[in-house]
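Following: one structure in structure tokens, then a few remarks.
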Amino acid sequence: MKQSVFNTFLRYVSLNIMGMMAISIYILADTFFIAKSLGPLGLTALNFSISIYSIQHGVGLMIGVGGATRFAILKSVGKEKESREIFQHALKTGLMFSLFFMLAGILFTEQIATLLGADNETFAMTKTYLGTILLFSPFFLFNNILLAFVRNDHNPKGAMTAMIAGSLSNIILDYIFMFTLGMGIFGAVFATSLAPLISMIFLVPHFRRRKELFEGFARSFSWRIMMDHFTLGASSFVVEVSSGLVLMIFNLVILKLEGNLGVAAYGIVANLALVCLAIFTGLSQGMQPLVSKYYGQKKEKQLKDVLKYGLYSAALIGGILYLTALLFSAPMVAAFNGEDNEKIALLAERGLVLYFSGLLLAGVNIIISTYLSAVERASHGFLLSLLRGVFVMVPMVMILAELFKMDGVWMSFLATEVLVIGCSLYFIGKEKSLPVKKSIPA
């Protein structure tokens, strides 16, 4: 018996939300254990470093989601050979970028740490975290790529299991490395770096069943296919990379306003927000295989149903998350304020309430951006991601911080989402009919 669109949507989305939350807990676990073990300066060093993790994560998602989107469209119309070549090119592209990140980690870690704002108090820890996470780039990139293809190869449960396994292993290893073995911040980043490797181990059974995906792997490389990955995955890339850029700018602005303790407070807010945004990312990536499938099959009614369910879910989740911040900001902050620093508590509790107000609209913008990319309106999805991540957010934080100090910093997220929602609704309103474009040949 065929599942209804809603039941299929619920299965894909619920599994992927759990998986994406698990991935985001990589960093949240580090935040918790570093706060308990190393205090505010450790939190500050972590927050400086997360922007580089966001870039890594963004590149992996760009290749993975972009390639898997084309993969799903081709599979939906029976083009197995072409879809196989898409998968193989994604792996080759991932290898190229992995080597680039590793080289940066070997040669430029000190310069990157300084650029991100590390001072004498935080430089050594920031350098350690950055150098390690860059050297382990292949694990992070290939994990994101393989997860996207497994999800689009009709196995959302397998992807979820792998993500949760990686996350749980990170939490366990964090405790062992930092508290049992006393490895400090290196223990935290080493645990985080091993987690995607463990996640990939759980994906092995899927690819053992799908050995044909690797047939003909030694064939020549197509730059056109690689650019197609970039085009369809650009929205996912911009979402992640812009979050890293915004994090860096927030750090520098807050450093001037409140010093290292202000950055530590922002680190608590930002990492809790990371988990919330991961829920929206999980929602959007969970519906993406269905959108690409129905789009490729020209099933317009099912396509619109998936979009409707996605938007309703995003609005509901955003409301629940904001209400949670309103009611429980104090205990949420206390969990990461290992030294019970009063200044950090005051800044982070107010920041949590103001910053989380942006979640009321962020999910809707993310859903629309991902949907547009999944139906080959990549330029529209890309523009929305740019507006949210750079073109609106960066001016907002600078202007509002100048006018309202820390309150302005916290409110810049909501101000950005309010301005972008108009563009999102305009673009989605144009999609009354969805004639399928000619797919780029593999």
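Placed from the backbone N, Cα and C atoms, the Cβ positions cover glycine too.
If you look up TrEMBL, you'll see 12-35, 55-73, 94-117, 129-150, 162-179, 185-204, 230-255, 261-283, 309-332, 352-374, 386-404, 410-429 marked as transmembrane segment.
When each of 55-73, 185-204, 410-429 is checked for Cβ pairs under 8 Å to the transmembrane segment (12-35), 185-204 comes out on top. Packing against the transmembrane segment (55-73) from elsewhere in the chain are residues 83, 86-87, 89-90, 93-94, 97, 101, 133-134, 137, 140-149, 151-153, 228-234, 236-241, 244, 285, 288-289, 292-293, 295-296, 373-374, 439-440, 442: each is 6 or more residues past its ends and has a CB under 8 Å from a CB in it. Tertiary neighbourhood of the transmembrane segment (386-404): same-chain residues 238-239, 241-243, 245-246, 249-250, 253, 257, 362, 365, 369, 411-413, 415-417, 419-420, 423, selected by CB-CB distance under 8 Å and a gap of 6+ residues from either end. Listed as Cβ neighbours of the transmembrane segment (352-374) (distance under 8 Å, sequence separation of 6 or more from its ends, same chain) are residues 65, 69, 232-236, 239, 268-269, 272-273, 276-277, 279-281, 283-285, 287-288, 291-292, 295, 307, 310-311, 313-315, 317-319, 321-322, 325-326, 329, 332-333, 380-382, 384-385, 388, 407, 410-411, 413-414, 416-418, 420-421, 424-425, 427-428, 431. Proximity of distant same-chain residues to the transmembrane segment (162-179), defined by a Cβ-Cβ separation under 8 Å and at least 6 residues beyond the stretch ends, is recorded for 18-23, 25-26, 29-30, 33-34, 37, 143, 147, 150, 186-188, 190-192, 194-196, 198-203. Beyond its flanks by at least six residues, the transmembrane segment (94-117) meets 48-49, 51-52, 56, 59-60, 63, 123, 126-127, 130-135, 137-138, 141-142, 145, 248, 251-252, 255, 263 of its own chain at Cβ-Cβ distances under 8 Å.
Same-chain neighbours of the transmembrane segment (185-204): 26-27, 29-30, 33-34, 37-38, 42, 45-46, 49, 125, 128-129, 132-133, 135-136, 139-140, 142-144, 146-147, 150, 158-159, 161-163, 165-167, 169-170, 173-174, 176-178, counting only residues six or more beyond its ends whose CB sits under 8 Å from a CB of the stretch.
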